[in-house]
Each structure stands twice: as structure tokens, then as C-alpha cells.
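Scroll down for the structure; my scribbles are underneath it.
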Amino acid sequence: MEIVLACAIGVLTACGVWLLLRPRTYQVIMGLSLLGYGVNLFIFSMGRLALDSEPVLAPGVPTDLAHYTDPMPQALVLTAIVIGFAMTALFLVVLLAQRGFFGNDHVDGREDAE
Amino acid sequence: MRALAQALMPHLIIAPILLPLLTACLLLLLDGRRHRIRGMIGLAAALANLVIAALLLSWAGSGHPTAYGVYLPSNWDMPFGIVLVADRLSALLLLTAAIVALMALLFAVARWHKAGAHFHPLFQIQIMGLNGAFLTGDLFNLFVFFEVMLAASYGLLLHGSGPSRVRTGLHYLAINLVASSLFLIGAALIYGVTGTLNMADIAARIPQVATSDRALLHAGFAVLGVAFLAKAAMWPLNFWLVPAYAAASAPAAAIFALLTKVGVYVLLRFSTLMFSEQAGASAGFGSDWLLWGGTATLAAGAFGMFSTQRPGRLAGFAVIVSSGTLLAVLGLARPELTAGALYYLPSSTLGVAAFFLLAELMERSRSADVAGARAPEDEEDHLPFPLAELELDKDVNLDEDEEMLIGHAIPAATALLGLAFICCTLLVAGLPPLSSFIGKFVLLTALVPGLSADTLHVESLLTWVLPVLIVVSGLCALVALSRVGIRFFWTPVDREAPLLRVVEFVPIALLVTVCIVMSVRAEPVMRYATATAEALYHPAGYIDAVLSARPRPTPTNAERLGLQGPEATP
């Protein structure tokens, strides 16, 4: 499981960074989204990977972290998802405004020479 | 005043966050076209915010150096719940932010707040994010307040619209989203290693971190640091800053001058709290990066000033110079230097904010002239369309109330603009007699004696780099600003005298006045800064104060508190 998760985070982040460095605004927003997914998975992994752990307090289970999933990364991820979603929406608006002003989708508002 | 602050105390800590939040909600309910009433409410809230910040400052400054106000908003047991901490450093930055915010808002109600529907709510949210970032005691809320602050700043940067704002806004947005991702990665790594997000708790646990995990912890802090350094405009992470700040409307740019200081604040807080001498193997982590990164930033900002003749861009470079000076000095991690930096920080921030406001007035007064001699990157900075319309039929459109609010054009406008420009030049370049000179002087006196090393080692030469650069950066600023001043004020042009409104000039005058007061009353301010620096370099007081905070007993938690921990103090 660790290998799968690590590969997923790596691939998402690598794709995100690559797209982020592209000159088209659409590529940039896709890159930002992929980077966000990679980061969210990474935060999850920092709460340690565990199978079959209780998510909420259950009767008869000792109340320590060895028997439960860590709730903290989940709270962090939830916040990060919400904020990331809002920022993506805002970025889309700015992207469309930029396209309206310049008539193209280059991040600098000018077409490439080639 | 202190008695009042003392009486309000535990709850005064959360007031700087609640007040702008509630004001923003109220403003959203009002019709977006009722600019006057919205402006009045916004101004009243900003004024109240200033009063609260002053009260907090007087509270923090009154007690012994280790006065910490700890507030548990959720009333949870200590390392788990969220926590707000007010100490001297937070209070100082809160007051600086409150002054700049009030002045920027005063400037905005003359004109700019009509250029978009939601200027006032965004502005209040911006204040809330800033205040929250200064007050929060845990990493998680720092992220949240950072995002609140950034979200509002995106809106404010785009305020007024227009091609150049949208283009630089897109860049600003992308860069800050990446920085936020880095923030999350760093915070997650730190949580993964230490198992806590509470700053005091992290600081207490750092000495005990296993050797095998320490590299991971340092990586986490380094990634986190990159996010803050991008915000604090460290070279080479600062290329976004000048175009974005120059494109923003003047009041937005003035408050953006504070955003870089948030980065500086967090770096100062972390480096003193987490990597103090008690931090074991982690002591002093990253300070070399701050020192040399700050030095490079200072050089880049100083020489960047030569690259432009537009006041708005010059002010952007002044922000970079100020950040570079602060970062480099904090990297040396010496209390007397940090005290100087804490004196320099408010005065340079106020000076740069005043300069941003003034730059707008200058560019407007010469707009016909500037259009001809503009650098390629300065194109498209005409007034955006809603404002252009406002300008054209100004006399027709305004009712009497609006006229009263705006005030009358003052005569001798050019002379007043010139005077304000001289004051801003003195502040930005750090020349006597204004306060940033005193700040730089304190820094230089603290830097130079340690350097009187007899021989010419390479190391002793390296230590000269920073003081020399601080002096040279002042010279660069002076040369660049004089050039612009001559061009703007002395070039004979056939045109009418610029129309200067009282309400637009008052904030600049007040900001300069605060700096003058800071230089006249330099001793108490310096004493406060010294006490702040002393407290920062003895983080045990902070850690103890936060970790020993107990929740208030309530019917629901009394039993749990009685069962679990030591008895709750009423």
C-alpha cells in the first residue's frame, strides 16, 4: 500500500509541476488541481497508513491512537480541499477574464512568436 | 488605558478577528451601491480595530517582559484545541497593520471603493486574515488565516479590473496557490514527525525528536519556510511582487505592504521559538539561509530601484528592500539586532504604505505626461473603465453628500505632494531625521562593532557585506527616488495644477506623522522593541504560558477536567 500511495503522490505532483510550468492558463489550472490532489494524499499519509482502524470512538476499544485513525490529517485535508476548491473557482474566473481581455489563453496575455 | 485593557483582557485577544469578520458580514448585507454608508461602517470598524490593537499593545507592554495572553477559543484542553496568543510581537504587528489599514481605507473612500462591488467586505476580511495570522498559536490556524488573507488579497488585487490587474492577478494567484501547497506539505511533515500542530507544543518537542526523524523535521520546516519566504519576497522568489503591487489600486497596494511582513513575522516567530538554543540539534536551523537570502534580496531590491521610473514600481522595490533588510538581520539571530529590526519594521512598513498611496496621486497628477514616456512593462495602466466614467462626469454625478465626504481640492497641491514625496524618500531611503533612519542606525551600530575584527579573514570580510549593503541600498533608493522626484515635480509642463483632495492627502500625512512621532519618541518605542526581542530569544516563557493554559470549567467539561488533568483554575 505504501508503494502505491507513494507512486500516486509522486505522479500527481510531477504532473502538476510540469503542467504548472506550461504557458497556457488551462494547463496551469490543471497543474494546480493535480498538485492539490498530490498534497492532499500526502497529508493523509502523514497520519500514518492503517487498515481497519476505527474512524470514531467505538465502545470497547482503548482510546489511543494505535487503535484509531488519526483525525488531524483528515481535518487538515478537509480544509485544504475546501480552500483549494474555492481558489480553483476563483482562478477560473480570472482565467476567463484574462481571455476576455487579451483574446488568447497565454499566461502573459500574448501569443508566442512561434 | 491599561486598566481598561486589563479589564477586557482575556476576550480582547479574539476581538481583532471577530470585529472585522462581523463587519464584513454586515457590509455584505448592505446594498453594494450605497458606498457612503458602507464606507462609514468600514472606517468605523477600522478605527475600532486600531483602538483594540492599541489596547492590546498597552497590555502587552505594561507587564513584565513575559506577559502572554493565551486564549482558548474552543475551550479545549491545551495541546488539542486551537489557541490564540497575544504577546509583544503580535501586538506590535497588530498595531502596525491597524494603522496602515485605517489609512488605506481612508484613502479608498475618496474614490477607489466605488470601482467594484465588494471592496469593503474584502478589505475587512483582509484585516481579519492579517490579525488572525499575527495572533494564532498553531500551525493549522496559521494556514487558515493565511488563506483568508490571501483570498481577500486576490480580490483586492483585482479590484478595479483592467488588463494589467487581471494579468498580474493570474500570476499572483498561481504563485500563492503553489506556496499554499508548500505550506500544507511542510505542515503535514511537521505533524507527521512531532504529532502536534500547536507551535508551543512543537517547540517543546523538537529537542526530543529522534535523530532519524530530524532530517524529516528539517525538511518540513524548510518546505514551510519556502512558502513564507515566497510571501516575504525573498530573492529569487519575489519576481511576482513588483508587477502585482504596481498594478494593484493604491489602497490595496498599501495594505499589501503588510502581507510581506506577515511572512517576516512568521519566520521570526518560528526561528526564535522552534530553533532557539534550547532546541538541541536543531538550534539555529535555517538562519544562514535567512541571512544570505535576505542579503541577496536587499541587493536585488536596491538595484531593482534603478530599473524603473514609475513611482508604483519603485514602491514595490522598496517593499523588497525592507523585506531583505529584515530577513538578513533576523538570520543573524542576535537580540540587539532583532530589537533594531522590530523598530525598523513598523517605520519602513508605514513609509512604504504612504509611498504607495502617494505614487497613485503622483501618477494621476501627471497621467497625460507619463503616457508618452512609459516603459513597455508599464503599459495599460490607464484608469479602468468604471473609474474613468466616474472621473468624466464627476461634477454632474455627485450629490451634496458625496461632495462633503470627498472634501475640497486643496491649493498648493503640487507643493504638498512634493513635501510628502520628500518625506517618503527619507523614509524609504532611511535618511535622517525620520524613523527608518533610527531603525537602520540601530541595526548598523549593532552590526559594526562585532566586525572590528583585526585581520582580513574571508569570514570577517563576509560580515561586512550586510552593513555595507544596507548603506548602499539607502543610497540606491535616494538616487532612484531623486530622479523620479525631479522628473515629476521640477519638469516644467503646461498643465493645470493637480487636483488633490483633502481626504486623499490626509492618510499620507498621517502615516508620515506616525513616523515622525516614532522618531521623536524613539526611546519608548526602542525600549518596547528591546523587551520584545528579549522575550523572543527566551522562548521558554512563551512555551510555558501556552502549555499551562487551562480551559474554563463549564458544566460539560468539569467532570472530564476533574478526571483527567490537574484541577482547572476558575
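Yeah, the Cβs are placed from backbone N, Cα and C, and that goes for glycine too.
Per TrEMBL, the feature transmembrane segment maps to B:12-30 (among others). Counting only same-chain residues 6+ beyond the ends of the transmembrane segment (B:12-30), those with a CB under 8 A from a CB of the stretch are 5, 37-38, 41-42, 45, 48-49, 52-53, 55-56, 59, 69-71, 73, 84-86, 94, 98, 118, 120-122, 124-125, 127-128, 131-132, 135.
The annotation transmembrane segment is assigned in TrEMBL to B:42-60 (among others).
Per TrEMBL, transmembrane segment is recorded for B:80-109 (among others).
If you look at the transmembrane segment (B:130-157), the same-chain residues 6 or more away from its ends with a CB under 8 A from one of its CBs are 13-14, 16-17, 20, 49, 70, 82-86, 90, 93-94, 97, 101, 118-119, 122-123, 165, 168-169, 172-173, 176, 180, 183-184, 187, 190-191, 197-200, 202, 231, 244, 247-249, 252, 255-256, 258-259, 262, 265-266, 546. Marked as transmembrane segment by TrEMBL: B:130-157 (among others).
The domain 'NADH:quinone oxidoreductase/Mrp antiporter transmembrane' annotation in TrEMBL covers B:137-366.
As annotated by TrEMBL, transmembrane segment applies to B:169-194 (among others). With a cut-off of 8 Å between Cβ atoms, the residues of this chain six or more beyond the transmembrane segment (B:169-194) that come close are 139-140, 143, 146-147, 150, 153-154, 157-158, 201-202, 205-206, 209, 213, 216-217, 219-228, 230-231, 240, 243-244, 247.
Residues or ranges marked as transmembrane segment in TrEMBL: B:215-234 (among others). Distant neighbours of the transmembrane segment (B:215-234): 146, 175-176, 179-180, 182-183, 185-190, 192-194, 206, 209, 241, 259-264, 266-267, 270, 274, 282, 285-286, 289, 293-294, 296-297, 319-320, 323-324, 326-327; these residues of the same chain sit at least 6 beyond its ends, with a Cβ under 8 Å from one of its Cβ atoms.
For B:240-268 (among others), the entry in TrEMBL reads transmembrane segment.
Here the transmembrane segment (B:314-333) has Cβ contacts under 8 Å with residues 229, 232-235, 238, 241-246, 253, 256-257, 260-261, 263-264, 267-268, 271-272, 284, 287-302, 304-305, 307-308, 340-341, 344-345, 348-349, 351-352, 355-356, 359, 428, 440, 443, 447, 466, 470, 473, 477, 480-481, 484, 537 of the same chain, all six or more residues outside its ends. Residues or ranges marked as transmembrane segment in TrEMBL: B:314-333 (among others).
The transmembrane segment annotation in TrEMBL covers B:405-429 (among others).
According to TrEMBL, the feature transmembrane segment maps to B:441-458 (among others).
Same-chain residues lying 6 or more positions outside the transmembrane segment (B:464-486) and placing a CB less than 8 Å from one of its CB atoms are 291, 295, 298-299, 301-303, 305-306, 308-311, 314, 317-318, 321, 324-325, 328-329, 332, 418, 421-422, 424-425, 428-431, 440, 443-444, 447-448, 451. Marked as transmembrane segment by TrEMBL: B:464-486 (among others).
Marked as transmembrane segment by TrEMBL: B:498-520 (among others).
Proximity of distant same-chain residues to the transmembrane segment (B:240-268), defined by a Cβ-Cβ separation under 8 Å and at least 6 residues beyond the stretch ends, is recorded for 89, 93, 96-97, 100-101, 103-105, 107-108, 112-113, 115, 123, 126, 130, 133-134, 142, 146, 149, 153, 156-157, 159-160, 164-165, 167-169, 171-172, 175, 225, 228-233, 290, 304, 308, 310, 312-313, 315-317, 319-320, 322-323, 326-327, 330, 338, 345, 349, 352-354, 356-357, 359-361, 377, 381, 536.
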